[in-house]
Amino acid sequence: MVEGLLYLTAALGATAFLLALGRFIRGPSAADRVAAFDVLTIISITGIVLAALAEGRGIYLDVALVYALLSFLGVITVAHYLERSV
Amino acid sequence: MSALLPAMGLLLSAAMLVAALMAVRGRRSLPISILAAGLVSLLASVQFLLLAAPDVAMTEAAIGSGLTTFLFFFILARVRHD
Amino acid sequence: MTALLDLLGAALLAAGSAFLMFGALGLLRMPDIYNRLQAGTKATTLGTLLVLAGAACLRPEWWPKLLLIGLFLLFTNPLSSQVLARAAHRTGAPRSPLTRIDQLEERGGGGS
Amino acid sequence: MTEIALATGFLLILIGLYGALTNRNLLRMIVAFSVANTGVNLVLVGVGYLRGRAAPILDATLPAAEAPARIIDPLPQALVLTAIVIGVGTTALMLAYAYRLYLTRGTLDISRLRELKW
């Protein structure tokens, strides 16, 4: 039961990853792609948590912490660039 | 749970190749190329984590993805501004 | 007791992942950038918090790191979404024809 | 995992070389070089991976006594850690040269920089 729910989690996360990647490829403007980049980072955090659960190593969660900081900085950088280049 | 990590690796590999092709094909605008290169770096960092190298994953996420994207946009803003 | 906690954690993981999937679906299907940001930020933030709570149920000894990640996401995610929406508004991103009211434009926040 | 990482890394190197050879904008060439750099790092880490072993970081679940039999080789990871930082330095140097070139010539198109052609 628990195993099946974990596989369901992985399948739903993979679907979410593919949908956000589709928006990253299609997105008409740069702001759409930045939004898709942000969502892809957040989905990757879920993937990292799943990998940590599968391997049983708590040290993997530090990478998720770096990701949570990184998505913020990247989006701020690109948004600043977009605002200045009007 | 043993089949989970290689399946994640395959998905990440496909996404990385698509993003790399987006980065080097010349039809799209330059900020989109830089964002796609940043996405390649980000997914490579998850790939490093799956290859049991969390320290490399941390460095790649912070430096390879964050700092490189920041540098590219810094230079791009200078070039556009002049 | 432990089996019940495991089942609760796995159910929370699946629910959070479903929220992530619906958020990404909204990101793909919504008509303009503001609706996409709405779907892509709120649903994915809630989904990630549920996933972190589920992992904390499955592995109770990891709760400090998971709490730290959750707090980080809760602080930074709405802020980055707001900054991105403001940048899109200032660069004149096209609105959906169904949008009637633009309060930022009315209050003179459109220009910098 | 090793095969996936190696195949992806080699394909990334090829895509990066293709982009660096076919684009005419200097900034696009630097982007392609950065993609190829990521591919090289991925190949190096993929070579060092061993199936079924743990990450080389000691904590409560991996005591030091049984570490040599259970961890993978940390040497390629240390190499790649250095290579990532040096890659950022190289990218910054290339970007600085491109910016200086843009300031003196006013263009980033390599087909219009003809002084060294003969």
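Even glycines carry a Cβ here, placed using N, Cα and C.
Among the features that TrEMBL reports, transmembrane segment is placed at B:6-24, B:31-50, B:56-77. Annotated domain 'MrpA C-terminal/MbhD' per TrEMBL: B:15-80, in sequence order.
Look at the domain 'MrpA C-terminal/MbhD' (B:15-80): DSSP puts its residues at 58 helix, 0 strand, 8 coil. The average per-residue pLDDT of the prediction over the domain 'MrpA C-terminal/MbhD' (B:15-80) is 89, rounded to a whole number.
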